[in-house]
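**Q** Below you will find the structure I want to go over with you.
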């Protein structure tokens with residue numbers, strides 16, 4: 001069992017060797033670049049190969065209209081911010097502080113796998129292999145969920161770049177890709193299912209906001225809900241989906257602010273543990289002595 005723990009790259013460790021940290025540095029940067037370059041290229045370019053008729057990411061988005069179609073501008077901005085946050089996370093691996101490096105290295109294997117799976121998803125999605133791309137998203141969802149629940153106490157910049165923003169995107173993408181995957185996206189049945197399942201975004205977001213006090217997840221899901229709402233509004237004004245999407249966005253944003261403000265003002269830490277004032281902490285032993 002100890003041997004398996006040593007060779008398992010996803011095992012939780014308190015410290016890392018110099019060799020493993022160097023490996024995380026190289027692979028994190030290379031896979032991040034692979035993910036970014038692939039996404040940026042296929043954002044506007046269609047693949048020149050493939051058995052099925054393909055298209056760019058946003059061509060596929062608008063060509064296969066569904067109840068989870070995204071707005072290209074808002075979601076593209078989301079991608080840009082997410083990639084910047086991921087680069088900030090990667091910079092923690094090059095920190096001079098050993099604690100920071102170990103914290104970043106602890107999530108490195110999941111981060112590298114996320115980049116590879118995102119690359120695979122883009123390559124499959126633009127080539128219209130929607131079933132396989134859906135499978136890739138589900139695998140990545142389990143990868144990032146495992147990362148979240150096993151490493152939920154690291155700093156905001158590590159958490160946002162490596163965990164919450166990629167996880168929020170993957171969760172929404174499962175519905176988006178899944179809606180494209182099923183036949184008859186325009187049917188009444190498909191629209192009803194979309195009207196029902198969109199509320200899972202609210203439940204999922206509130207779960208992390210109130211249970212883990214995670215405002216980064218709340219804000220990420222509110223942005224993606226806004227993207228969905230804008231796309232649905234311009235597609236069909238008289239419909240429930242965009243109303244639901246904007247309602248979900250508003251609730252998530254308000255809940256995010258309610259959690260974020262106490263954390264930013266120092267009354268609570270990132271995961272909601274109330275901080276004891278310094279003065280009271282210093283006086284506590286004296287009061288106990290009395």
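Heads up, the Cβ atoms here are built off N, Cα and C, so glycines get one too.
Curation plays no part in TrEMBL annotations; they are all automatic predictions.
Annotations per TrEMBL:
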type	residues	note
TRANSMEM	21-42	transmembrane segment
TRANSMEM	68-89	transmembrane segment
TRANSMEM	101-124	transmembrane segment
TRANSMEM	130-150	transmembrane segment
TRANSMEM	157-176	transmembrane segment
TRANSMEM	188-212	transmembrane segment
TRANSMEM	219-238	transmembrane segment
TRANSMEM	244-265	transmembrane segment
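Tell me what's around each of these sites.
**A** Long-range contacts of the transmembrane segment (68-89) within its own chain (CB-CB distance under 8 A, at least 6 residues past either end) are made by residues 32, 35-36, 39, 43, 58, 61-62, 104, 107, 111, 157-158, 160-162, 165-166, 169, 172, 175-176, 178-179, 194, 198, 220, 223-224, 226-228, 230-232, 234-235.
Beyond the ends of the transmembrane segment (130-150), by six or more residues, the same chain brings 10, 12, 107, 110-111, 113-114, 117-118, 120-121, 124, 162-164, 166-167, 170-171, 173-174, 177-178, 180-181 to within a C-beta distance below 8 angstroms of the stretch.
For the transmembrane segment (188-212), the residues of the chain that approach it from at least six positions outside its boundaries are 66-68, 152, 164, 171-172, 175, 179, 182, 218, 221-222, 224-225, 228, 239-241, 244-245, 248, 251-252, 255-256, 259, 271-272, judged by C-beta separation under 8 angstroms.
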**Q** Grab the same-chain neighbours of the transmembrane segment (21-42) for me: Cβ-Cβ under 8 Å, and only residues 6 or more beyond its ends, written as numbers and ranges.
**A** 56-57, 79, 83, 86-87, 90, 93-94, 101, 104-105, 108-109, 111-112, 115-116, 118-119, 122-123, 126
**Q** Report, as numbers and ranges, which residues of the same chain sit near the transmembrane segment (101-124): CB under 8 Å and 6 or more residues beyond its ends.
**A** 9-10, 12-16, 20-21, 24, 27-28, 31-32, 34-35, 38-39, 42, 47, 57, 86, 89-90, 92-95, 130, 132-133, 136-137, 139-140, 143-144, 146-147, 151, 154-155, 158, 162-163, 166, 173, 177
